[in-house]
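Feature annotations, reproduced from TrEMBL:
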BINDING   S86, R109, H110, R111, N207, A208, H209, N213  FAD binding site
BINDING   Q106, H107, V108, R109, S119, G120, R121, R190, R218  dUMP binding site
ACT_SITE  R218  active site, involved in ionization of N3 of dUMP, leading to its activation
Amino acid sequence: MPNAYTLKLKDIADNDPAVIHVLDQGFIRLIDFMPHDYPFGHIVEGATPGDLAIVAAARVSYGTVSKGVEQDHRLLQRLIADGHTSPLEMVEFKFLIKAPVVMWWQHVRHRHQELNFQSGRYTPYAEDEYYLPEKLRAQDKLNKQASVLADFLSDAEERALLEELQAHYEAGFSLYKKMLDKGVAKEMARLALPGWALYHTAYVKMNAHALLNYLSKRTETAAQYEIRVYAQAMERIFAEKLPWVYAAWQNKRDGSPA
C-alpha cells in the first residue's frame, strides 16, 4: 500500500522555521545532533549536553565525568586554547544543505565528513533552481585566489551581464527539457545544465572537531563568498549547541586569554 503522504525536501525548506535560508534559493537545517542528553544523565548547570560530552571525553583519562560547572568550564577553555581538541570528535552534527555546485566544490575539500547527495539520475532538476548572484565580483589584485566587490562595472553593464547569465541558464534548462522529452536519459540530459550554478541538496555529517576546523577556514573574509555564508549559518548552529566551545574558540581567534 503506498504512503498516503510523501514529504518533499521543498516542503521542509518552505515551511520549517528551523531552516536557515542562504543565498537566493539555498538553505541549511540541523537535522540531528549527538549527544541528545547529558553524559550519564549528569546535568551541570550552564553547560549543554554537547559541551559536557566533550568534558567527559577529556576526563575519561582520569576516570571522572565532571567536576562541577567552574572546573568543567575551565577545562574546556584550556582544551581549546592549547589545541587539544580531539575530545570534540565525540560530538556530531548532521545537516541538510541545499547549495549550488560552486559552493559544494569548496565544501568537499574537507575530508572528515560524511555526505549523501540527491541524484540527478533519478530526479529531474527544477527549471528555476539555479544560483544567480546579486552582484558580480572582481578578481582581487592582491590575492589571486580571492574576489572582491568593486566598482569595476557600471550598473548598466553589470545588469546586462547578469541578464545574459540568466539567459544562458534558461537556455541550458530548455535544452535539458527538450532532451528529456525526446527520451534522453536524465544522466545524459543533465549535461546541458549550467553546472556551477545548479543547486544540489545533501545530508552532511561532521564531528565537532572537523566542523570547528571548517569554520576556522570558511568564515574568514578570504573564503569564497558562496561558501562563507553557509559557514556563517553553521557557525550560528555551532554556537547554540556548544556555547562553551564556541566562546573559547572566539577568545582564541581574538587572542584573548582563556
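A Cβ is built for glycine as well, from the same backbone N, Cα and C atoms used for every other residue.
Mapped onto three states, the DSSP output places S119 (dUMP binding site) in coil. Cα distances from R111 (FAD binding site) to the binding-site residues S119, R121, R218 are smallest for R218. Taking the Cα of A208 (FAD binding site) as the reference point, the closest of the binding-site residues S119, R121, R218 is R218. Note on V108 (dUMP binding site): other Cβ atoms within 10 Å of its Cβ, all shown chains, come to 13. Annotation note: R109 (FAD binding site) sits in a coil segment as assigned by DSSP.
Neighbours of R218 (dUMP binding site), defined as other CB atoms within 10 A of its CB across all chains, total 23. Geometry remark: H209 (FAD binding site) versus R218 (dUMP binding site), CA distance 14 Å. Look at A208 (FAD binding site): DSSP puts it in a helix. Ranking the binding-site residues R109, R111, R121 by other CB atoms within 10 A of the CB puts R111 at the bottom. Taking CA atoms as the reference points, S86 (FAD binding site) and R218 (dUMP binding site) are 20 Å apart.
The Cβ of N207 (FAD binding site) lies under 8 Å from the Cβ of L88, E89, M90, V91, E92, F93, H112, each of which sits 6+ residues away along the same chain.
The separation of R109 (FAD binding site) from S119 (dUMP binding site), Cα to Cα, is 20 Å. Taking every pair among S86, R109, H110, R111, N207, A208, H209, N213, the residues recorded as binding FAD, the greatest CA to CA distance is 20 Å. For H110 (FAD binding site), the same-chain residues lying six or more positions away in sequence with a CB closer than 8 A to its CB are M206, A210, N213, Y214.
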